[in-house]
Amino acid sequence: MIINDHTDWLEIDLGAFKKNIEKMKEITGRPVMAVIKANAYGHGLAEIAKAALQGGASICGVARVEEAFRIRRKGIHGKMLVLGGAMADSIPFALAEDVSLTISDPVTAKIFSDEAVRLGGVVHVHAKVDTGMNRLGVPVEEGIEFLRLLKSLPGLRVDGLFTHFARADEVNAGTTEIQLDRYNRFLTDVRGAGLLPPLVHAANSAASLFFPAARYDMVRPGIALFGINPAEDAVLPDGFTPIMEWKTRLISIKDIPAGSGISYGHKYTTTHTERVGVIAVGYADGFRRVEGNKVLIRGRYAPVLGSVCMDQCMVSLDDIPDARLEDEVVLIGSQGGKQISAEMIAHKWGTIAYEVVCGLTARLPRIYRDEA
Ligand SMILES: Cc1ncc(COP(=O)(O)O)c(C=O)c1O
């Protein structure tokens, strides 16, 4: 099997990804924009884009024009929206490849329209309003004027209108209700002014699942489609499964005498003759150089000893005497009934699971299976 050629790799289950999309559609009753920015949250951009469209997503959302470009270059022609900022230089590509752009301010709107007119085309855009994230978007109070401007610009066609929630994963924070209230009042005015675009959207994964009022015409989830909880308090319902496993191999086993320092900086010293394994994973793959990491070998947890190096790290095999060279080692996934999830690693690293998977670097081969 090809997998045996690798010492450090990701296994990604596209069938499970498609089932997660189906589940999201079933729960929300809405079309899904699959948010697959940042190399599809580390899972591999083009393969996930293709699976998303095959799996019933109506459109893919990316953060950068470069991501849209990489998807199109792979011959994937489905609908696409760039959710982040774009430059006027991208207009020829957006026109030629039918990629929609986000418009979040009047100055950019005019520049994009002028450029599209100059090229003899009309760019499809989604207008973004800010209801409380305080990131991209026209303040909602200026939204009507903004939509009027967009309507008057000959080089733009507004297909959608959206906002983004700051705290939907904190299910009880109350902020999402405040943002929803602002958005709803704004939408009433937009409707009244006859400026409502065909698609209104707002909901990331947490909002899609836990705030039904946020679903509007389409939901816009990312993390849930990868089977990862948006937060410790925002846990996915049954029916979603993680789609990625991260594995490596045991590449050395030695008995190290008592009193020996292990790895750079000798941060760990053996207390007795210890059986120490080397595994082929390091911080250059996205395995953070922090204390307390552990992996699974032969269905048992093996603590990492000392500092994580760039390409390797050492693990204790004292409790796994049957470990052998080339044994499969699990960093994310399950083995022998035990599990390590991206969420567990995030907890240990003091971050969010998004950062764990987005931090998996290009060096890791991504191996896909599709049993849907
Ligand atoms: C504008 C926008 N919409 C949707 C999403 C998807 O969010 P999530 O992965 O939490 O579902 C993101 C991700 O951060 C985003 O920036």
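Every residue gets a Cβ built from N, Cα and C, even glycine.
DSSP gives K37 (active site, proton acceptor) a helix state. Taken from TrEMBL, the feature active site, proton acceptor applies to K37 (among others).
Around K37 (active site, proton acceptor), the same-chain residues six or more apart in sequence whose CB sits under 8 Å from its CB are G61, V62, A63, R64, E67, L83, G84, G222, listed in sequence order. Marked as N6-(pyridoxal phosphate)lysine by TrEMBL: K37.
The substrate binding site feature in TrEMBL is assigned to R135, M310. Remark: M310 (substrate binding site) has G282, Y283, A284 as non-local neighbours, by Cβ distance under 8 Å and separation of at least 6 in sequence. Mapped onto three states, the DSSP output places M310 (substrate binding site) in coil.
Residues annotated as domain 'Alanine racemase C-terminal' in TrEMBL: 243-369.
Look at Y264 (active site, proton acceptor): DSSP puts it in a helix. If you look up TrEMBL, you'll see Y264 (among others) marked as active site, proton acceptor.
Reported as a whole number, the C-alpha separation between Y264 (active site, proton acceptor) and R135 (substrate binding site) equals 41 Å. In sequence order, H164 make up the list of same-chain residues 6 or more apart from R135 (substrate binding site) whose Cβ falls under 8 Å from its Cβ. On the 0 to 100 pLDDT scale, the model's mean across the domain 'Alanine racemase C-terminal' (243-369) is 97.
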